[in-house]
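> This structure is in structure tokens; I'll ask about it shortly.
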Amino acid sequence: MESSSSTERVRFRTQVLARHLHQHVPSQSQSQSLHPSTCLSYSPPELSEPFDFDTRDMRKLMDGHNLEDRDWLFGLMVQSNLFCPKERGGKVFVTPDYNQTMEQQREMTMKRIGYLSDRGVFQGWLTKTGPEAELRKFAFLEVMGIFDHSLSVKLGVHFFLWGGAIQFFGTKRHHEKWLRDTETYLIKGCFAMTELGHGSNVRGIETVTTYDSNTEEFVINTPCESAQKYWIGGAANHATHTIVFSQLNMNGNSQGVHAFIAQIRDTDGNICPNIRVADCGHKIGLNGVDNGRIWFDNVRVPRENLLNSVADVSPDGQYLSAIKNPDQRFAAFLAPLTSGRVTIAVSSIYTSKIGLAIAMRYALSRRAFSLVPNGPEVLLLDYPSHQRRLLPLLAKTYAMSFAANYLKMLYVRRTPETNKTIHIVSSAFKASLTWHNMRTLQECREACGGQGLKTENHVGHLKSEFDVQSTFEGDNNVLMQQVSKALLAEFVSAKKKNKPFAGLGLEHMNKACPIVPSQLTSSTLRSVHFQTDIFCLRERDLLHRFAAEVSQHQVQGESKEYAFIVSYQLAEDLGKAFSDKAILQTFIEAEETLSAGPLKNILGLLRTTYALITMEEDAAFLRYGFLSRENAAAVRKEVGKLCSELRPHALALVSSFGIPDAFLSPIAFNWVAANSWSSVQD
């Protein structure tokens, strides 16, 4: 049987080849009737893709704030050769030169910072306060991140980590001495928290600081190799000062982790005495950031260099703090660090927008295969399978863009009472949004085929540039477990006090449990009421299950910590349920700000696509019975319908991102001209 099949395949290929050779040598009469075939040419999708809503209004909704400031900064970067403008296919694009050595990329980052600083971009970043100043700073950081992740990370370390630590951990004496010089870059700061042996577990860091009351100095020491500070952005080449996180040992008693200011280089760039610095070396991305390692060999700093908003030490060596409980003191100490998670979450969504804008525009101009003999080839995005790959990711990106805006507003309007909420929401969104970004970039890379592999086309290279977001400023899996622990604490407290739930979006737990219809129609699936109900049902049920499982382990004599560890699967499901529901809620709130019309209609399609694709992709909906097999099949079928309905709006939706053409890539536009022989000659 196998031999017969093989013979048939050989005979078939022989016939195909014979027909090909026969047609290759036509008669004279035949050849006269042949005409040269027309070569492929690029057709701008704008010629055939009408916009049914105002993309400017959509951009206002998406960006949320400081649109004019953003556009000014985009223009400022395009004007300078420091941002490597290059003509491709009749358009000018700006992008870092990743062919440069690591050392060259680092120096270019600093030159770009100098250029932007001279033009007032950083004015007020540390010396002005209030929501308006903070939102302007966020907007500028987002724009710079669209150009280059190294640039935004380098700035984030200097302003948000070093500068933010002085703002929030320090007091008036620190603000007056350090903030203005930091804003003008007379001082270049870094942030030495992570160690070789400790990353997420900040409480366990091993650097030790003691106090010498005779000289009124703190003495900072790296007692072992695992205590060396690691991955410290700015430390390898440029930073003059650092915030050192260290255990404070007073008279033989550990007072926990505290932060100190230490100088690591003089004004000429020389390493200071008793400081050792080494380079972390080449990385898979972010090579424009000089990550380094630091050892402290009994480095002495003045008593005033302790950042003392939470605790202080008197000249004679008395430890002073209004917060007596070490756990509460540690929590208060780390609370301001949420700004890092906020900026990471937001930047990841702008990166998803870049990937989708490029992949979508390419799919609207690139064709492949014909449906009928000698017929025209079909646009990639007209294939239902291609729609299914990209359009749900587009809907998720819209949803998470609204979530990112909500998180920013929550942060800039923060009060001591909202610190816990900011910590939980920023942890959940940082994990969800960065995971989404990596998945989106991978799909966009594949959707662009071989062109996605070229560095100049961005989508492939962006994966390595942004991969780090899954682990820095908190490992995503650890952050999600923190979210679940916080939800459990709220659950236990409410039950113990017999009080209604208040905060963290758990108020729905005070109502009757939602009931999912046994049969889901298209209209039900598209109902915002149904979507809210099933997301709340999922969170409520998983929280009850998580609480019951942890309690069962404790009844068996196991510690709460061990109970959390062995219940990790439910914790992961619960953390994701919390995040997904919160994202859906921010989408609904954004919709509610609009009156009826085309903009609201398209947002309804996107919101439903987000809700249904989340139901389809998360096995928890089937695993715990929130959806029956029949209803899960109905959800899957509806997603396909939604993709076909979103297809006519694809170009308008990515155009609404407001990213200038120069910050996208050649395959987003005339990819034929960009790859022509004349482009090689140029």
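Numbering starts at 1 and runs along the chain as it is shown here.
Every residue gets a Cβ built from N, Cα and C, even glycine.
Predicted automatically and left uncurated, TrEMBL annotations should be read as such.
Below are the features listed in TrEMBL for this protein:
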- E473: active site, proton acceptor (ACT_SITE)
- T194, G233: FAD binding site (BINDING)
- 24-37: compositional bias 'Low complexity' (COMPBIAS)
- 190-299: domain 'Acyl-CoA oxidase/dehydrogenase middle' (DOMAIN)
- 337-488: domain 'Acyl-CoA oxidase C-alpha1' (DOMAIN)
- 532-664: domain 'Acyl-CoA oxidase C-terminal' (DOMAIN)
- 21-46: region 'Disordered' (REGION)
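For the listed features, I'd like the structural context: burial, neighbours, distances.
Counted within 10 Å of its Cβ, the other Cβ atoms near G233 (FAD binding site) come to 26, all protein chains included.
Within the model, the domain 'Acyl-CoA oxidase/dehydrogenase middle' (190-299) carries an average pLDDT of 96.
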> Fill in the CA-CA distance, T194 (FAD binding site) to E473 (active site, proton acceptor), as an integer in Å.
10
> What is the interatomic distance between the Cα atoms of G233 (FAD binding site) and E473 (active site, proton acceptor), given in whole Å?
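Per the Cα atoms, G233 (FAD binding site) and E473 (active site, proton acceptor) stand 12 Å apart.
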> For the recorded positions T194, E473, which Cβ has the most other Cβ atoms within 10 Å, all shown protein chains included?
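In terms of Cβ crowding, the pick is E473.
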